[in-house]
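Have a look at the structure that comes next, please.
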C-alpha cells in the first residue's frame, strides 16, 4: 500500500489510500503474450501438458499399493459384477443389442481411468442417456423404413427387410439390417456429442454445466424415469405395442398398453412379478443393512443367473413364447468410422445429450470430491467424458456419463483411486470373451425389471418436493415443470423448459428483489428492516432504503417504484412539476419552509416541506451487486430530482466494484462535492452525516 505523503491530522480517523492499479496491457499485447506462452515448447512444459491431459500419469507414480490396492480391487470386482447385468438390460433402452452395451462399459472404464480427475466416479452406461439414445435410434429407424416396434433382441431383427415395400429412404449401405443401422445411428450420435464435450473442455466452458441447477436435474431425472418405466412395461407384460415418437409419447404408450392388456404373456407377467418382488426386497434389505454390509448384495447378478437357468431348463421361450435375449456374440467387432451423413442428421440431438452427460458427470465428480477432501478440474472432466464418447464411437459404443448409483457403490466398497475401473473393465472383458453366450435364454422381462428397480432412487425424489416447496417455491416450480414436460412432451423439451424456466426464475429474482426501509437497532450503529423487526428506532428526517439486488435495466423501474412507495414521495413527478414553466416554487411541493422566498435561499439550503417528512435519503448499497448503464442513469436522475426538491441522496456500504462503476459513470463528479461526502462506509455514518449537514443548513437558514 502506498504511503501517505503526510501523516493524517489528529482527529481525522483512519486514512484509506487506494493502491495504484498496474498498467494494463492492450488486448493485442495480451493475446500475443498468451499465444507465445502456449506455443513455447520445452520438456517440462510437455511433461506438464501430458500430466494435465492424462492425470493417471501423475497419480500412478504416487500410488500406494498397501493402502489402496485392496479397496480398489474389491470395488472394481463389485462394480464389474453390477455392470454386466445392467449393460445387458440397458440395451433395451437404447434399442441396441447387448454386446454394444458391454463394449461401451469396457471402453468407458479404461478411458476414464486415464483421463478422469475424480477418484470415485464411475463412468459408463447411464439410464437417462440410454433413453435419449434410444429415442433418436427409433426415429432414425422409422425414417429409414424399419419397424421401431420390432425389438433388437429378436433373431429376425437382423433382417434387412423394410417395414413397407414402398419405402425407399434407407440410409445404410446395402445389406445393413435393423441392428446394423441402429448401431450406426447410435455411434454417429455419440461421436457428435463427444465432440461437443471435448470442444467445451478445450474452450474452458466447464462452467456452463453449472447453469443446470440441481432442482432442474432432479426434475429431469424424475420425468425421464417415468418415461423409462413406461418404455419397459411392454417387456414386463410381454406385449408388442408401437414405439411412439414425439410429443405425448408416454401417454400414447400407456393407451397402447391398456388396449393390449388382453394379449399379455402370462409367463412374462409372472416372471416380472417374481423378479420385482425379489429385487425390491433385496434393495430394501441392503438399504437397512448398509452400515453392516461391507459389500452390497449382487442381487441383479443372482437374479439373472437364476432366471437364465429357469428359462433354459424350463424352455420358456419354446413352450410359452417368452421373449429372450438371444445370441450374444463373443469378442470384438472391427472398428468402423461413424457415417458423416448420420452425424449431420443427429447434430441437434447431440446437444442435449452432451449437456445432460456433462452436467451429471461434473456435478457427481464435484460432490464426491467435496466429501473426500480433494478437488477436480471441470474442464478436464469435460475432456475425459468427451473422450469416453469420441474414441469408443469407432468401436460400436454409445453415449456414456457418470452414474450416481454405481459411484455410490464404488465408494461404499472401499474405492481409493480409478484403478478400480481397470478391474471392472477386466470383469466386463471376461464376459465379452467367454461368458456372453451363456445369457441366450435370459428373458427380456427380467432385464426390464432390473431397469425399473434401478429407477427407484430417482422416482423417490418426488417425496422431496414438499420440502423443496417450503425452502424455495421457485425451485420447486422448476422441478415440477421440468418433470411434467419430460412426461407430457419429450425429454428434450423437458430439458429445454427447465433451462428456460431456471433462467427466467433467476431473472425474476433480480428483477423484483426485496426492498425495505431500515431503522436503527436501539442505540447501536446497526440498521434493519422496520417491517420485519419490532422496537426499531426510525431516524427523524432520514429515510434509509435497502434494495436487495443489482440495479440494472430490467429492475430500474421497480427500484424507483419501491423507493417512492416506501418513502411516500414520488420525486420524479414532483421535480417535473417544479420544473414546469410558469410554476411557482413557493407553491410547489419543494417549497422552502419558514416562509422564505425561493430566491432568498440558496438551492443547497432549501429544505423539503414538512409534508414529506425527510430531508435525506440514504441507500444501503451493501446488497447492490453491480450497476449497468441504465442503473447508473437511474441514480443520476434520482439525485437530480431529489436536489430539485431539496432532498440529499447519500450512498452507503458500496462495494469496490460499485464504487468503480460510480466513478466511471460520472456519478462522483467534482461538481457534486468530495467523494467522502457522497459515499460512506456504513449506514450509520451516512445517517450521522445527514443529521450534521441538516443542522448546518438550519443554522445557515436561520442566519439568512
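FYI, residue positions are counted from 1 along the chain as it appears here.
From the backbone N, Cα and C atoms, a Cβ is placed for every residue, glycine too.
Given the structure is predicted, the values throughout are model-derived calculations rather than measurements.
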Looking at 261-281, 282-302, 303-323, 324-344, which one is transmembrane segment according to TrEMBL?
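Comparing 261-281, 282-302, 303-323, 324-344 with TrEMBL, transmembrane segment matches 261-281.
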According to TrEMBL, which listed range is transmembrane segment: 113-137, 138-162, 163-187, 188-212?
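In TrEMBL, the transmembrane segment feature sits at 188-212.
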For the transmembrane segment (417-435), find every same-chain residue at least 6 residues outside the stretch whose CB is under 8 Å from a CB in it, and list them.
56, 59, 63, 68-69, 71-73, 75-77, 79-81, 83-84, 87, 99, 102-103, 105-106, 109-110, 112-113, 116, 118-119, 122-123, 330-332, 410
What parts of the chain pack near the transmembrane segment (188-212), using Cβ distances under 8 Å and only residues at least 6 beyond its ends?
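Cβ under 8 Å, 6 or more out: 133, 136-137, 338-339, 342-343, 345-347, 349-351, 353-359, 362-363, 377-383, 385-394, 397-399, 498-499, 502-503.
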Can you give me the average pLDDT across the domain 'STAS' (540-690), rounded to a whole number?
79
